[in-house]
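Q: This is the feature table in TrEMBL:
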type	residues	note
DOMAIN	8-143	domain 'EamA'
TRANSMEM	33-54	transmembrane segment
TRANSMEM	74-93	transmembrane segment
TRANSMEM	99-118	transmembrane segment
TRANSMEM	130-147	transmembrane segment
TRANSMEM	153-170	transmembrane segment
DOMAIN	156-289	domain 'EamA'
TRANSMEM	190-211	transmembrane segment
TRANSMEM	217-236	transmembrane segment
TRANSMEM	243-266	transmembrane segment
TRANSMEM	272-290	transmembrane segment
Amino acid sequence: MNIKKIEGAALIALGAASYGILATIVKFANNQGVHTSLLIFAQFSIGLFFLVCYSKIKDSGTNRTDNNDKNTKLKLLLFGTSLGLTSCFYYLSIRYIPVSVGIILLMQTIWMSIVWEAFSQKTTVSLSKIIGAVLIVAGTLLATNIFSQHVDLNWKGVGLGLLAACCYTISMHASNHVASNLDSHTRSKYLIAGGMIIVLLFWNTDIWLHFDWLAFLKWGAVLALFGTILPPLLFTKGMPMTGMALGGIIAAVEIPVSIFSAHLILGEAVSWLQWAGVALILGSVIVINLKTFYEPRISNAQITGKPKI
């Protein structure tokens, strides 16, 4: 049994679940008159403040100082912009299209991650990952109930949703490959800082025009927890354990979480067809990971050549 992969899969699933609830919260806040620019600014600013404080506390008991070279910091900041753009494009997309369609578009990152890994690492994608990705997409279509409603797609919303998926894929790449030698909280701090920079540039004056302290604190704390604090910490720790393609597939648990949250918070009815889609998604993830669960453990002696103690 490969314990590292199982642990990584669990961390990614929790991170994806945190992302899953975001669209429902944002839609709920939008319905109460809170502007998207304020929600995103609150999410990233409060999240960044927490991560900076967390890093200080985490490193205070050690002799470790923030002596990472400038290139590493700049690289993390650059890739962190993909986190900010993911939120910007995704939250904007659900203005024009239903949340269910927005989620489908965002989860195109499943096959995008597999393609990215295949080209960047010049490896052949396993059949199980291909089948798993196809099954998850099929389950996603059922879980979002797209077949039981007439969807008049707004192409602006579709374009924004696909842009969000592209940025989400880049975020996963950053979690897996960029400065992986650093602690997860250090990497998350710089990634979120990069996201904060792009949010300020993207929304600029809209933030101040729609700013409200009560809404900032009320919604910002919740969005920061589920969208900025937990996912980067969990992804940056879990992605190196699983690899980008498998991590992208596991991240599909965001779909059932979105349906549960929409049902509980927004009172949306959930049909049996949707539950079937949820079951198909979860079943696909289990099938994909069967090899991981039954993979024989390799001892340190086999890896390093050292005798067992």
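Here the Cβ of each residue, glycine as well, is placed from N, Cα and C on the backbone.
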Q: Might you confirm whether the transmembrane segment (74-93) is in contact with the transmembrane segment (153-170), defined here as three or more C-beta pairs under 8 A between residues 6 or more apart in sequence?
A: yes
Q: Run through the domain 'EamA' (8-143) and tell me, per DSSP, how many residues are helix, strand and coil.
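A: So the counts come to 113 helix, 0 strand, 23 coil.
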Q: With CB pairs under 8 Å as the measure, which of the listed stretches 33-54, 99-118, 190-211, 217-236, 243-266 comes out on top against the transmembrane segment (74-93)?
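A: So the stretch in question is 190-211.
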Q: Are there residues at least six beyond either end of the transmembrane segment (217-236) with Cβ under 8 Å to its Cβ atoms? List them, or say none.
A: 11-12, 14-16, 18-19, 21-22, 25-26, 29, 34, 38-39, 41-48, 50-51, 83, 87, 171-172, 175, 184-185, 187-188, 191-192, 195, 247
Q: So, taking each listed stretch (33-54, 99-118, 243-266) in turn and counting its Cβ pairs to the transmembrane segment (190-211) that are under 8 angstroms, which one gives the highest count?
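A: Against the transmembrane segment (190-211), the leading stretch is 33-54.
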Q: Mind looking up the mean pLDDT for the domain 'EamA' (8-143) in the predicted model?
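A: Here the predicted model's pLDDT, averaged over the domain 'EamA' (8-143), is 84.
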